[in-house]
Amino acid sequence: MSETTPIIEMQNIKKNFGGVQALQGVDLVLHHNEVLGLVGDNAAGKSTLMKILSGAYIPDEGEIFIEGKKAHIANPWNARQQGIEMVYQDLALADNLDVAANVFMGREAASVKLGPISIMDEHYMGQETQRLLNRLKIDISSVRLKVESLSGGQRQAVAIARATAFNNKVTIMDEPTAALSVAAIDKVLDLVRELKAQGSSIIIISHRLEDIYKVSDRMMVLRHGRKVCDTPVAGNIDDFRERVVAYIVGARDDFAEGVGKQQ
Amino acid sequence: MSTKRFKTSFMKDVSKTLRQNIRDWGMYIALLTIMAIFTITTKGVFISSRNIGNLIDQTGYIAVLAVGMTLVIVIRDIDLSVGFLAGFLGAVAAISMVSWHLPVYASIPVVLGLGVLAGLLTGFLVAQMKIPAFVATLAGWLGYRGALQLATMSRGTIIIPSDAFNAIGNGYIPDIPGIGILPGVHKLTLILGVVAIALFIISAINNRRKMRAYDSKVLAMHLFIIELVFVSALVGAITWVLAGYRGLSWTGVVVLIVVIFYNFVMSRTVLGRHIYAVGGNPEAAELSGISVKKVTYVVFASMGLLAALSGILFASRFKSATTTAGTLFELDAIAAAFVGGASPSGGVGKVTGSIVGAFVMMSLTSGMNLMGIDISYQYIVKALVLAGAVIFDIAARNRARE
Ligand SMILES: Nc1ncnc2c1ncn2[C@@H]1O[C@H](COP(=O)(O)OP(=O)(O)OP(=O)(O)O)[C@@H](O)[C@H]1O
Ligand SMILES: [Mg+2]
């Protein structure tokens, strides 16, 4: 595996929902230790593309390669096992469970295994969750609080904590800054930088272009289920915004395949 | 001055803890209140060893169903078929011993196995065919009712001749012979009670110590002691009352094993956590890699197993299988679960709560029977208790959310 092999490569991904062509042959490349911003208008297909990568949806057509090897992602469990974690747009938390239980949902730590029955190691999970919250500088008074009693920002933080708890290779964040205060947004962006510094590769979806501009190395625009732009993040923010918005709303449509690959 | 400050902070702790866990504590307080009222109105007959012993045996076959139903309700489903399934499997147990001449130790596993199969069938309809559980199990309700009538058609009532089998619903654990002290008291029951209290205290203290390592919000010391004393006193009182008659019944043993096992699975194991996760948010559970399908299968299979157990307990208690066995059991079990704090919207409900719920309902029956209250009023009182419990739930939950 050389450094130039992308960590993720999605080729010609197509997905229909009934009559809706959500994705019409999209390619995506994510390099090692890169932050990729994914933008586009509502219903452009951003979440659908990422849910295919995280195993939540099966594509109708197309292939996925992880570190150059063809990957079979049939369900979310497959994706998690291959080091892909996603923070979903609706957060996907279980309100009836506490913070630690949500962070470890689906991969509970077991202390003893007796056939089909595994006894949970609650203390380990509690301590790990506390450590994680400290590392992410998340302010939640107890890991035993039920998620239903948390604020919007705290819920967001729990979802992010879950996605970054297991030394994964790729973290996908679907609008992690939606519904957050300015201070909380900065925290999330700091966290993205921190994860990158630790060697992670990240895809971040946002409607806030300044967020993408601040943390991303490269940016990709989807429109009506097609990739219409793929460009390094560079230049000053006003020019950047103007150019990107033109692609998002369809005022420009001159994207040539290969621009993104020059990087 | 300082004691006064201690007192106010103490009261604040108590009221805060009560508010946060009002449902759990409210259940026990309600049960104790009901028992106290009946003890007074029946001049002590209600709390007599004999009556409490009977109460436990009568509650047994509903209690095990309520345990299984708790899991079903937690994953947002319902199972209407288990009453007649229990009745039908009780009849199968009777037939297996009477007509097929199976010994008890073969008959019981066969019936339990059939229960699991029936549960898997429901699981298949719900998880695989995506039929709403209400409809799928309504079909089961009709089908098992028919099967029960077919099975008992030729003779009406099948008398079960096996003493070993009938002991499950009527017998008591043996006593240790030759101990001179406390004549007339069942010593083994007493010893078991003391051991249970000791184990409870040790594990609670252990747990609290470990939890302090990462969670600052453990229960304050004095409240923790109150909880220990309360639970120990409750277990001690029940033990003492039971030991005063013939001791712990085999039905009591079965119910205890089921409750302890299921409580353990639901609160301490990965499987239990997955069941709560699926109930809380099925989409989130699926996205985090939990198979909702698998959990659904497991929950209905366990429900089938417990329906079989319920059928065995009932047939054994009446030493026979009848055409109407199991009628309305499912609704009693559902009521017990809701009185015990399970939430119709899913994700919430404890095995211990449902057991207490079952005892609340059965205490009402027993107490009102002793008082000679007409059955029609009994139904109305139970209706009010069920509605009251659910209203209380909703109010408590809304307050907690604020
Ligand atoms: N599960 C589904 N069933 C049916 N249609 C779907 C489903 N998921 C997505 N779609 C459709 O696919 C299209 C793309 O949706 P998607 O959620 O990927 O958009 P998005 O770019 O994430 O938008 P937003 O910015 O609003 O989150 C939309 O037309 C949407 O209605
Ligand atoms: Mg989206």
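Glycine residues also receive a Cβ, built from the backbone N, Cα and C atoms like all the rest.
Keep in mind that TrEMBL annotations are predicted by a computer and have not been checked by a curator.
Remote same-chain residues near the transmembrane segment (B:25-46) are listed as 18, 230, 234, 340-341, 353, 356-357, 359-360, 363-364, 366-367, 370-371, 389, 392, 396 (criterion: CB distance under 8 Å, separation of at least six residues from the stretch ends). Annotation comment: TrEMBL describes B:25-46 (among others) as transmembrane segment.
Long-range contacts of the transmembrane segment (B:58-75) within the same chain, counting only residues at least 6 positions beyond its ends with a Cβ under 8 Å from a Cβ of the stretch, are 82-83, 86, 133, 169, 251-252, 254-255, 258-259, 262, 266, 275-276, 278-279, 282, 295-296, 299-300, 302-303, 305-307, 309-311, 313-314, 317, 329-330, 332-334, 336-338, 340, 342-344, 346-351, 353-355, 357-359, 361-362, 365-366. Among the features that TrEMBL reports, transmembrane segment is placed at B:58-75 (among others).
What TrEMBL lists as transmembrane segment is B:82-100 (among others).
The annotation transmembrane segment is assigned in TrEMBL to B:106-126 (among others). Nonlocal intrachain contacts for the transmembrane segment (B:106-126), taken as residues 6+ away from its ends with a CB within less than 8 angstroms of a stretch CB, comprise 77, 79, 81, 85, 89, 92-93, 96-97, 132-133, 136-137, 139-140, 144, 165, 296-309, 311-312.
Look at TrEMBL and you will find B:133-152 (among others) tagged as transmembrane segment. For the transmembrane segment (B:133-152), the residues of the chain that approach it from at least six positions outside its boundaries are 72, 77-85, 87-88, 91-92, 95, 118, 121-122, 125-126, 158, 321-323, 325-326, 330, judged by C-beta separation under 8 angstroms.
The annotation transmembrane segment is assigned in TrEMBL to B:188-206 (among others). Packing against the transmembrane segment (B:188-206) from elsewhere in the chain are residues 173-176, 182, 224, 227-228, 231-232, 235-236, 238-240, 242-243, 247-248: each is 6 or more residues past its ends and has a CB under 8 Å from a CB in it.
Outside the transmembrane segment (B:218-242), and at least 6 residues removed from its termini, the chain residues within Cβ reach (under 8 Å) are 10, 13-14, 17, 28, 47, 49, 52-53, 56, 186, 189-190, 192-194, 196-197, 200-201, 204, 208, 211-212, 248, 252. Residues or ranges marked as transmembrane segment by TrEMBL: B:218-242 (among others).
Per TrEMBL, the feature transmembrane segment maps to B:248-265 (among others).
Residues 60-62, 64-65, 67-69, 71-72, 74-75, 77, 79, 81-82, 85-94, 108, 111-112, 114-120, 122-124, 126-127, 160, 165, 168-169, 251, 254, 258, 271, 274-275, 278, 285, 321, 325-326, 329 of the same chain sit 6 or more residues outside the transmembrane segment (B:295-315) yet have a Cβ under 8 Å from a Cβ within it. Here TrEMBL flags B:295-315 (among others) as transmembrane segment.
Away from its own ends, the transmembrane segment (B:377-396) comes close to residues 22-23, 26, 30, 335, 338-339, 341, 343-344, 357, 360-361, 364-365, 368-369 of its chain (Cβ-Cβ under 8 Å, at least six residues beyond either end). As annotated by TrEMBL, transmembrane segment applies to B:377-396 (among others).
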Close approaches to the transmembrane segment (B:248-265) from elsewhere in its chain (Cβ under 8 angstroms; 6 or more beyond its ends)
53, 56-57, 59-60, 63-64, 67, 70-71, 167-173, 186, 188-189, 192, 242, 271-272, 306, 309, 313, 317, 350-352, 355
